[in-house]
């Protein structure tokens, strides 16, 4: 009986040890303020001597200032990452402010490292995300001032100002480096590779992508579509 108890204790200890190795460990000190003056590369940022840390390492000013939306898509992100607040290195969180002009859009994108929680501070905003295969369900909602919406980690999502006024939202992200992949850039920036692949198989390059937008939507704003394709670097010759 004693041998059985000892064996079960050993198994339990082994399982606990395995589980501890598969999760990210907590900080072993109060903070790890990022050191921007070193070329050391690691998962995160190298940190400075705690004796050299100052209050300015934990603060940022200017999130109340509107970002310039003078661009083709009518929105601007003001980030507060480790670059802006070195003190939140290794703490697993970041925040951004997003400003939208009327009808401005933060087009389809994903954050591979973070869940996103958005709070509308001003205006009316349409948001949505698409679930994974095979359902690919479109979850969407119109938000007003004070409303909060969550985008699960890694899912493709968007935000769009659907009014005639300015929109401001504050976004919290569950990573110090959430990352971003803009769908249009990821697809169209590599279109030449897709085309060359078809040509390598003795197929016409026109087979790469062909979409009849009039069959996809009830109405199409062609001027806007041409503008967006130009912004994303999509060659206009492919639209003929």
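Cβ coordinates come from backbone N, Cα and C, glycine included.
According to TrEMBL, the protein has these features:
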SIGNAL    1-22  signal peptide
DOMAIN    61-201  domain 'Cupin type-1'
BINDING   106, 111, 116  oxalate binding site
BINDING   109, 111, 116, 157  Mn(2+) binding site
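Overlay of TrEMBL annotations on the structure.
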{"residue": "106", "record": "oxalate binding site", "contacts (Cβ under 8 Å, 6+ apart)": "73, 75, 77, 98, 100, 158, 159, 160"}
{"residue": "109", "record": "Mn(2+) binding site", "contacts (Cβ under 8 Å, 6+ apart)": "156, 157, 158, 180, 181, 182, 183"}
{"residue": "111", "record": "oxalate binding site", "contacts (Cβ under 8 Å, 6+ apart)": "151, 153, 154, 173, 175, 178, 179, 180, 181"}
{"residue": "116", "record": "oxalate binding site", "contacts (Cβ under 8 Å, 6+ apart)": "150, 151, 157, 171, 172, 173, 174, 178"}
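Neighbours of the oxalate site: apart from 106, 111, 116, residues of the same chain with C-beta atoms within 8 angstroms of the site's C-beta centroid are 109, 110, 118, 151, 157, 159, 171, 173, 178, 180. In terms of DSSP helix, strand and coil, the domain 'Cupin type-1' (61-201) has 19 helix, 57 strand, 65 coil. Apart from the site residues 109, 111, 116, 157, the chain places the Cβ of 110, 114, 129, 151, 155, 156, 178, 180 no farther than 8 Å from the centroid of the site's Cβ atoms, the recorded Mn(2+) location. If you draw a 10 Å sphere around the CB of residue 157 (Mn(2+) binding site), it holds 21 other CB atoms from the protein chains shown.
Across the domain 'Cupin type-1' (61-201), the model assigns an average pLDDT of 89.
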